[in-house]
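One structure is given here, and the rest of the page talks about it.
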Amino acid sequence: MNVAVQSRVDRETIGVARKTKAYVALTKPRVIELLLVTTAPVMILAQGGWPNPWLILGVLVGGTLSAGSANAFNCYIDRDIDRVMKRTQRRPLVTGELTDREALVFAWIIGVASIVWLGVISNWLAAALSLAAILFYVFVYTLWLKRRTPQNIVWGGAAGCMPVLIGWAAVTGDISWAPVILFMIVFLWTPPHYWPLSMKYRDDYASVNVPMLAVVRGRAAVGLQTILYAWATLACSLLLIPVAGMGLVYTLAALAGGGWFVYETHRLYDLAVRHEPIKPMRVFHASISYLSLLFLAVGIDPLLPF
């Protein structure tokens with residue numbers, strides 16, 4: 001093979017690899033990881049033991065495609081503000097690694113594929129819930145709430161709670177009080193998880209007129225709201241104990257993890273009211289660790305003999 005041909009092949013290979021990486025980035029894989037953390041444990045709880053491993057794998061694949069579709073639509077819709085905000089400068093529609101058309105077609109393809117896949121691999125209730133999650137995230141949160149109200153993440157966060165319902169429905173074919181409580185745990189957890197991040201990137205959101213709570217209210221007000229939602233999350237997590245018959249492992253995780261999460265929110269608020277330097281990302285990272293610990297306990301508890 002001559003040098004010119006080899007060079008062209010190398011460029012094409014690099015181009016394909018970079019394009020593939022851009023498509024993956026469009027789905028926001030780090031967000032998807034957190035969503036999947038809640039899915040598999042709920043399936044174990046719904047089964048009261050290990051479900052069929054192929055069902056778990058199939059639902060996780062479907063959930064990945066579904067969340068990826070919603071995130072890709074979000075990137076397409078928000079491409080105008082992503083070009084202005086510093087923290088989104090490396091997204092593929094900003095860098096030009098993907099065209100607008102490529103992103104939109106990709107979002108549609110994996111979205112439709114996720115619905116069909118979940119319907120075939122599990123049941124059509126799970127598929128319908130997945131469709132509802134995509135539609136809610138795209139139309140209610142991204143197109144309606146995000147740029148209009150500081151409560152955007154409160155109500156828009158409902159889309160991120162859907163994986164627990166999807167996981168439960170995939171196993172049982174219905175919805176009961178236990179998954180509703182799990183839904184509410186994630187719903188109440190979302191604001192104190194996301195608001196600290198918006199405090200760090202307050203200037204970014206202000207530059208594009210997105211009315212995040214950190215933009216329209218002071219640090220102390222945001223800190224107080226974070227405390228209230230963290231306490232509500234802890235209280236809601238304890239409701240699962242009598243409703244789903246959770247055992248010692250879950251109870252300890254809910255109390256210890258929830259207590260730590262609440263402590264970090266109080267610490268953030270105390271620094272804010274004293275006008276001292278704050279570290280909102282401590283709460284952000286603590287919230288991720290807390291939710292992961294809690295749902296790990298959700299999955300472990302049904303497998304134990306006590």
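Each residue, glycine too, has its Cβ placed from N, Cα and C.
Here's what Swiss-Prot has on this protein:
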TRANSMEM  31-50  transmembrane segment
TRANSMEM  55-77  transmembrane segment
TRANSMEM  104-124  transmembrane segment
TRANSMEM  125-145  transmembrane segment
TRANSMEM  168-188  transmembrane segment
TRANSMEM  218-235  transmembrane segment
TRANSMEM  238-258  transmembrane segment
TRANSMEM  286-306  transmembrane segment
With a Cβ cut-off under 8 Å, give me the same-chain residues at least six positions beyond the ends of the transmembrane segment (55-77) that come close to it.
26-29, 31-32, 35-36, 39-40, 43, 91-93, 100, 103-104, 106-108, 110-111, 113-115, 117-118, 121-122, 126-127, 130, 133-134, 137-138, 142-143, 159, 163, 166-167, 170-171
Do any residues, 6 or more residues outside the transmembrane segment (218-235), come within under 8 Å Cβ-to-Cβ of it, and if so which ones?
185, 188-189, 191-192, 195-196, 198-199, 254, 258-259, 261-262, 265-266, 268-269, 272-273, 278, 283
Selected stretch (most C-beta pairs under 8 A with the transmembrane segment (286-306)) from 31-50, 125-145, 168-188, 238-258:
31-50
Report, as numbers and ranges, every residue of the chain located at least six residues beyond the transmembrane segment (31-50) whose Cβ falls under 8 Å of a Cβ in that stretch; write 'none' if there are none.
56, 59-60, 63-64, 67-68, 71, 160, 163-164, 166-168, 170-172, 178-179, 182, 186, 244, 288, 291-292, 295-303
